[in-house]
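Notes follow the structure.
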Amino acid sequence: MRILYGGGKMFPYLIEENKRSSKPSSPTPLGRNSEEVNHRMGGSHVHNNIASRIQNSTSPPPSPPKSPTNKKVSNSRRDSIYDYKSEAAKKVELIAKNRDERRQRQADEKAQKDLIMHLEQNNPYWEFSQMIRDFRNGIDFRPLREHDPVVENQITVCVRKRPLNDKEDRRKEVDVITVNTKNQLIVHEPKHKVDLTKYLENQNFRFDYVFDDSCSNDIVYKFTAKPLVKTIFEGGMATCFAYGQTGSGKTHTMGGEFRGKQQNFRNGIYGLVAVDVFKLLNHQKYAQKNYMVSASFFEIYGKLVFDLLAKKQRLRVLEDGKQQVQVVGLTEKIVSKVEDVIDLIQKGSMERTSGQTSANSNSSRSHAVFQIILRKSGSKHVDGKFSLIDLAGNERGADTNKSNRQTRIEGADINKSLLALKECIRALGRKGAHLPFRGSKLTQVLRDSFIGEKSRTCMIALISPGNFSVDHSLNTLRYADRVKELIATDSPEDDAADVAMYGEEDISEDINEGDEEMLQDEERRLHISSMEWEVLESNRHVIESCVYFHKMACDLYKASQKNGFDKNHYATNWKNLLNEMIDIQKEALLKANEFCNVLDGRV
């Protein structure tokens with residue numbers, strides 16, 4: 001040890017430390033020995049006294065002397081040995097500091113959101129609402145107004161947005177539809193990123209007309225059905241139909257506004273068309289033609305047709321020898337004034353089939369077709385016909401929240417008929433293309449409305465503005481956009497540019513192939529559901545006929561037990577009854593065999 005310390009040049013700080021150790025010892029450090037000291041000195045009082053002295057001591061512990069060095073010694077002295085920290089420790093402290101700051105920032109943001117939620121009356125969608133308000137503040141609104149000019153087209157496609165209803169207001173839904181101009185609208189689809197950040201996906205659509213929630217039925221009628229009224233006086237066929245999700249306002253637009261449970265049929269498109277028809281009928285230009293006006297009202301439910309003016313009597317749709325589609329047995333009543341038409345509309349609307357879906361508790365599950373027909377007095381030839389159609393509510397195939405088996409079958413047949421209707425309208429716009437009217441019972445009945453150069457069609461797509469209905473609204477808008485895309489262009493230069501870019505033949509081939517593939521896929525998907533519907537209907541028909549057969553057979557048998565009964569009358573009635581029963585069962589058997597073959601994959 002003497003050799004180690006003797007020189008004092010190599011380790012001067014050890015000599016200094018040795019000198020310090022020879023001084024009186026410092027107080028006993030806290031640790032394992034503190035308990036022993038505490039025990040010897042009389043308990044916790046002494047221990048607390050020592051702890052308080054250590055805590056109150058402001059003098060830092062002595063630092064070891066530094067080794068002599070040739071470098072310039074820094075003026076700053078470290079106050080504690082604990083100031084010697086590695087880079088890893090510094091990084092850990094920095095991470096902890098950033099974490100605390102982030103948590104504090106998140107807490108402040110949460111407090112701010114809670115305050116906004118309170119101000120927004122606990123609206124869970126206030127962030128989307130704020131983003132939509134900010135978006136609308138940056139655009140220029142030029143909506144459709146009543147004084148704007150009416151542009152007449154062979155096919156007119158327009159969209160109507162209804163206001164939020166009471167149910168949507170109670171659920172604090174957000175209006176996600178912005179109508180910025182008279183022919184454009186924007187759908188703000190709420191989305192979430194992977195980290196749950198909320199954002200809007202804005203999708204733009206363009207049509208002939210777009211009606212915002214401030215437009216009344218009169219304004220909608222002026223730009224849609226009113227220009228078509230004069231078509232039927234010029235020997236043409238006019239068709240106007242309302243399409244959209246259940247609860248979007250189709251019946252309100254076509255039939256009239258509701259006042260509670262009462263419907264005002266005079267301000268619906270049905271009634272407004274009737275008013276203009278009788279105005280033109282009395283006009284000097286057409287008064288000499290001696291026209292007679294009649295009306296019919298029927299519905300198409302699945303593959304069945306029912307007469308709404310004859311207590312829902314079942315009708316048959318057949319083609320005559322001239323390849324004209326006829327609705328056999330349809331009631332057609334002559335009307336002489338507007339009040340007669342209103343009475344027929346009210347009577348037929350009460351008979352229409354409805355059901356419950358996920359979007360509406362009282363959804364129209366059938367296509368209602370109201371027709372106003374012009375003929376010259378004493379003639380059976382139809383000079384003009386106006387078909388006004390309130391289509392069944394379209395539902396997405398994935399929307400099965402409240403759908404039972406029956407509703408799903410109805411929805412499949414509804415979607416199939418809507419697909420066929422779209423293809424017929426597109427064929428009408430292409431002029432000369434094949435008309436696939438046999439795709440559904442609806443298009444089969446309306447075949448004459450799509451034939452001829454004087455045929456004109458108007459489609460009113462109705463959408464709901466709430467964020468709960470955004471998927472349905474997009475589905476409706478895409479359907480309407482698909483109907484109009486081949487005929488709605490900005491200018492002839494755009495058409496020429498498209499042809500120059502792709503080639504005329506390529507465009508037609510792509511459109512035809514895409515349409516055919518889409519139609520075939522949809523038909524394959526819905527074919528089984530449609531056949532299932534037919535089998536169920538035939539089954540029901542057999543059950544009803546069996547009840548009738550049993551009653552008539554019993555009556556005939558009782559009559560045969562009486563003395564002097566008419567044998568010829570008995571034999572004839574019994575034979576006719578058996579033949580009728582056999583025919584019904586044969587038809588049901590054919591449908592059952594065909595359905596079995598489809599399920600087995602043989603067809």
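Using the three backbone atoms N, Cα and C, a Cβ is placed for every residue, glycine included.
As written in TrEMBL, here are the features:
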- 16-82: region 'Disordered' (REGION)
- 46-55: compositional bias 'Polar residues' (COMPBIAS)
- 154-486: domain 'Kinesin motor' (DOMAIN)
- Gly244, Gln245, Thr246, Gly247, Ser248, Gly249, Lys250, Thr251: ATP binding site (BINDING)
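Other Cβ atoms within 10 Å of the Cβ of Thr251 (ATP binding site) number 24 in total over all chains. By a simple count of nearby Cβ atoms, those within 10 Å, the most crowded of the binding-site residues Gly244, Gly247, Gly249 is Gly244. Around the Cβ of Thr246 (ATP binding site), a 10 Å sphere holds 25 further Cβ atoms from the protein chains shown.
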